[in-house]
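Residues or ranges marked as domain 'Oxidoreductase FAD/NAD(P)-binding' by TrEMBL: 151-264. The annotation signal peptide is assigned in TrEMBL to 1-23.
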Amino acid sequence: MCDCQVCQLNIFLLQVMSFFATAEHEKERLQYFASPEGRDDLYQYNQKERRNVLEVLEDFPSVCMPFEWLVQLVPPLRTRAFSISSSPLAHPNEIHMTVNVASWTTPFKRKRFGLCSTWLAGLDPHKSVPVPAWIHQSSLPPPQPSRPLILIGPGTGCAPFRGFIEERSLQCASETTAPILFFFGCRNEENDFLYREFWFSHTQHNGVLSVEKGGGFFVAFSRDQPRKVYVQHKMNEQRARIWHLLSSGADVYVAGSATKMPADVTSMLEEIVSQEGGVSKESAASWIRKKGSMGQEKADIRDEEDGKIFIEAWS
């Protein structure tokens with residue numbers, strides 16, 4: 001299946017479109033875009049405005065390209081990767097996903113919508129619809145029940161941790177489990193608080209996030225007050241508890257946006273280790289880097305006493 005909503009026009013595609021253009025002014029314009037002299041104008045027309053192939057064909061209606069040429073020149077539709085947000089122990093015959101419905105506005109005020117997320121959001125939940133899916137191993141390995149956890153997952157980064165908490169909730173009914181501190185963040189409490197009831201249900205009645213179990217659930221709403229508050233600020237407020245779990249061999253899991261969040265969270269962990277552990281910033285940074293390296297290299301080795309740091313981020 002080809003992706004006609006792709007926004008990156010390559011030079012060869014422009015040259016082929018110019019070949020099939022019957023209007024002379026359209027042929028000349030496409031040839032200009034394909035030339036070195038037209039690169040800046042092509043950027044303004046295509047990349048900056050993110051026009052897709054279909055819109056370009058609409059702008060150049062005299063281009064009569066055979067369909068078989070189009071499907072060969074346009075790249076195939078890429079698979080979309082989503083984190084599984086359910087536990088196989090809790091839902092053995094189901095897979096739950098947490099999907100942000102992507103939408104944005106271009107510089108020329110054109111509204112854009114994500115192809116896959118919009119399609120998923122439009123499905124009727126009461127009808128059975130076959131959806132092809134491929135299950136791949138995550139970079140976030142399933143934690144051991146006896147391992148303390150520090151989870152940081154703002155936005156849809158909370159997805160894998162919903163499964164972790166479901167799993168540990170069932171495990172604690174039959175065996176001893178370690179505490180979990182979970183730090184969640186979103187823009188607004190009213191609009192973006194994913195799984196609100198689920199998290200709070202596990203903070204009560206000796207749930208895995210309850211104080212009685214040594215756990216905790218902390219939320220940062222970045223836009224609900226004049227000063228922006230992010231997950232790292234909530235981590236700073238709980239620095240003593242974080243250090244206690246780190247000292248007890250806790251694993252740290254970070255999931256979410258690949259922009260500034262992972263670096264800010266890592267920086268806060270270094271600050272907590274330095275101040276609560278009474279070591280230099282350089283020693284704290286080295287300690288955190290070592291845990292991150294162990295998480296990348298030894299994700300399948302789960303019987304070591306030292307905790308690790310696992311990060312899964314996406315753009």
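Cβ atoms here come from the backbone N, Cα and C positions, even for glycine.
Annotations in TrEMBL come from automatic prediction, not curation.
Secondary structure of the domain 'Oxidoreductase FAD/NAD(P)-binding' (151-264) per DSSP, as helix, strand and coil residue counts: 50 helix, 22 strand, 42 coil. Per-residue pLDDT, averaged across the domain 'Oxidoreductase FAD/NAD(P)-binding' (151-264), gives 95.
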